Amino acid sequence: MMSSPIPHQQTIAAVATAVAPGQGGIAVVRLSGPAAEVVGRSVVSIPGQQLWVSHRVLYGHVMDESGKERIDEVLVLLMKGPRSFTGEDVVEIHCHGGLMAVQRVLERVLAQPHVRRALPGEFSQRAVLNGRLDLTQAEAISELVAARSRRAAQLAMTGVDGGIQRRITSLRERLLDQLSELEARVDFEEDLPPLDAAELLLELQCVRRELEQLVEDAKRGDVLRQGLQVALVGRPNVGKSSLLNRLSRRERAIVTDLPGTTRDVLESEIVLEGVPITLVDTAGIRATKDALEQLGIDRSHQALAAADVAVLVFDLSLGWTADDAALLAQIPDDLPRLLVGNKADLQPASMTASLSNEVDGKTVDVMLSALTGQGEEALIEAVLKTCGASEAQGLVVALNQRQQDLAATAAIALARTQEAAAQKLPWDFWTIDLRQAISSLGEITGEEITEAVLDRIFSRFCIGK
């Protein structure tokens, strides 16, 4: 990777903070490129004896083209390259938030010569190309911005701090050491002592196992990044909406004794033990002639198909019914499910204890009361355990999907290297797949990657990052 700034013909600009009408006291317009300082000086009027010095905050006003109207009162910060996020000259204009002020400031900036609107992720892409970040750090910044829980943010910060880069670079260097041993034998075998093939293969096996473990850990980490969708299903009036309100701690669904009150799919986002969870309260599934209720039931089936786990709620006061059994049969076999008996507060403890033998031979996972909260913690624990989310809590690093795919490719290439050794093929056959493994790991950190691939990666980032 390059350590000095790559010259770019154009200076780019974008709003680097979230913008919503009436929200946010401060917004930041960011510029990066050779004309950043010139543009900053052109659009911001600095009173008094303040000097444009790198990494010093100045006070001023963004003026309109005539120089007579003040668009906004701002603070402006110049960061000369390479001591900036992108490695280029960067100017940040800190203006008032909301919508109109920041929009007018950005329009004023974009009206200057040699400035264009930044593409999604272009600031981060320039930081990578200029050696200010490696690719895993840039991706981790994007994940930090998108984090939906404290635990996901902590995991992303490990990547921002270089945790993934150090782990992958270490594995890659170990493979490079083994490749150099093999290539030396290919070219100068007669001049070197015999290669300890067993030791080399043992090292390759160790690296392969570490890569496979990283991939396995990453799958658990996906739960923290993407969250889980939990579908609450059951007959009408078994307490699904009450359970949703209990878990989300706010009144999201209308709760009455009238069957069929929920006629659509309701959602509530919560965080349980660091895992973002979307609770989906489905309309009670039953045979109905009501067209509106049937529409809600159809959407319930769609929500069930998209869920990570189904929580089938039934009424303990009525016991397990044929309708409950019919609903259970509609849950896909490959979808994890929990059987939850609600209204435990209405039943004697002896009766609820015996129900585990009454559900078609299937054990009731949790017995609770959505009204009193009895059994709530047991349900949370069961949901996290069923989805494998509990195992994600101790993760130190977690690769994203792109990184997972490349790590898996590297592990497969190492397996092929081991097969070549088992077949007693010449050294140069060993090196083919070993180079593939090294190249795949280089793609993870950005050391071996094309600009076209970078464009595709950063196009998924938000504008201004």
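Cβ atoms here come from the backbone N, Cα and C positions, even for glycine.
From a predicted model like this one, the values you see are computed outputs, not experimental measurements.
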Note: Swiss-Prot has Arg30, Arg132, Lys465 binding (6S)-5-formyl-5,6,7,8-tetrahydrofolate, and from Glu65, Glu69, Glu92, Glu173 that site also includes Glu92
Same chain, |i - j| six or more, Cβ under 8 Å of Lys343 (GTP binding site); the result in sequence order is Gly239, Asp315, Leu316, Ser317, Ser369, Ala370, Leu371
Cβ contacts within 10 Å for Ser241 (Mg(2+) binding site), all chains included, total 25
So Lys240 (GTP binding site), by the Cβ count within 10 Å over all chains shown, scores 30
Taking only the CA atoms, the spacing between Arg30 ((6S)-5-formyl-5,6,7,8-tetrahydrofolate binding site) and Ser241 (Mg(2+) binding site), expressed in whole angstrom, is 46
Within 8 Å of the Cβ centroid of Arg30, Glu92, Arg132, Lys465, the other same-chain residues by Cβ around the recorded (6S)-5-formyl-5,6,7,8-tetrahydrofolate site are Ala16, Ser32, Ser84, Phe85, Thr86, Val90, Phe123, Ser124, Ala127, Gly464
A correct count of other C-beta atoms within 10 Å of the C-beta of Arg132 ((6S)-5-formyl-5,6,7,8-tetrahydrofolate binding site) gives 23
